[in-house]
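**Student:** Mind having a look at this structure? Questions to follow.
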């Protein structure tokens, strides 16, 4: 009964926050206070970036571009399935949830403040990958790479030290030192690459440590709820839906909301799958890599089976969502558009509001529905696509491993 009560209170609190922020236009008020101050520091910090970039070198370009790739959201998204299949399910699901929290809160702050990145030129901006080019379209404060690195490396250090039960002060000091060095390199690298100013990096550090502190105090409760709680799937479905509407409207559209939608779907798929199959595939006694029960050849076999399977599920989930959601929307009389996934819904009738509809006043659409408002069906398609992919990682693929004795 207590579980149901706090679930209701949590969802009611988020819904109330959505109504309050819409009615009082909280996002614009906060932006009017913070944006000028942050923008001033971005402009004044340009000289620091130019001094650092005077020492440019091809090796440094490659080094910091590579480091940015290995701490990016796409890298972790590719790495986390392997962590699940290696037998470290608890670490994998907690890192997934933490990354989702970092991604959501970090992007919310970006779009609330809507502060620019350093001007290019005079700053030289290096975008070695398509992911970096898309990152450059987002707002600056805080640096997502810095924030994510603080949270994920900090949590990983705490988890490893707890898992190994090491009491050696030198081991603890070494682990913390390595994490700090990684954070330092990432922060410096983002400035060197011209992606962020100093104020963005400091913001990433501050918010990163705040989120990490909160997560370390609640992660065990959250994990216990996911593996053995009541109404987990229904609660998380409602939470995911509300979080889409709670996302702030930026000054101008950016890819940040799309990233959140994808990871929101990932978390929903993971939570749903874990809730259904915890005692079969994800309990603490499952075989772990580098043991006689899960050897390297067996793990490689898991990768050969698992990776193609989740890619097929992702494709099928997207295809089904593209077919089902427009039909359901039309049946319910909900006017929709599509910016990319369904070409037939991207017609002249929707040209007026093109790129702004996706991130314009979601709460207005939900509470004060009118025929002039159009929902972007791509949001739902993206959510279901990644939810299906994540579900396959923790449910379908482990079932295949069991049948194939991997």
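Sequential numbering from 1, following the chain as shown.
Cβ atoms here come from the backbone N, Cα and C positions, even for glycine.
Annotations for this protein, taken from TrEMBL, read as follows:
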type	residues	note
DOMAIN	92-216	domain 'Phosphatidic acid phosphatase type 2/haloperoxidase'
TRANSMEM	6-26	transmembrane segment
TRANSMEM	59-85	transmembrane segment
TRANSMEM	145-163	transmembrane segment
TRANSMEM	170-192	transmembrane segment
TRANSMEM	198-218	transmembrane segment
TRANSMEM	225-247	transmembrane segment
**Student:** Quick check: do the transmembrane segment (145-163) and the transmembrane segment (198-218) share at least 3 Cβ pairs under 8 Å, counting only pairs 6+ apart in sequence?
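**Tutor:** Judged by the Cβ rule, the two regions touch, with the required three close pairs present.
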**Student:** Report, as numbers and ranges, every residue of the chain located at least six residues beyond the transmembrane segment (198-218) whose Cβ falls under 8 Å of a Cβ in that stretch; write 'none' if there are none.
**Tutor:** 38, 41-42, 45, 48-49, 98, 101-102, 105-106, 109, 115, 117, 140-151, 154-155, 158, 183, 187, 190-191
**Student:** Taking the transmembrane segment (170-192) as the first stretch and the transmembrane segment (59-85) as the second, find out whether 3 or more Cβ pairs fall under 8 Å, excluding pairs closer than 6 in sequence.
**Tutor:** yes
**Student:** Same chain, outside the transmembrane segment (59-85) by at least 6, Cβ under 8 Å from its Cβ: which residues?
**Tutor:** 91-93, 95-96, 99, 103, 126, 128-129, 131-132, 135, 144-145, 148-149, 152, 182, 185-186, 188-190, 192-193, 195, 259, 263, 266, 282, 299, 302-303, 306-307, 310, 393-394, 397-398, 401
**Student:** Would you mind listing the long-range same-chain contacts of the transmembrane segment (225-247), meaning Cβ under 8 Å and 6+ residues beyond its ends?
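**Tutor:** Result: 3-4, 7, 10-11, 14-15, 17-18, 21, 93, 104, 107-108, 111, 257, 260-261, 264-265, 267-268, 271-272, 274-275, 278, 282, 359, 362-363, 366, 379, 383.
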**Student:** Tally of helix, strand and coil residues over the domain 'Phosphatidic acid phosphatase type 2/haloperoxidase' (92-216) according to DSSP?
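**Tutor:** Computed counts for the domain 'Phosphatidic acid phosphatase type 2/haloperoxidase' (92-216) are 92 helix, 0 strand, 33 coil.
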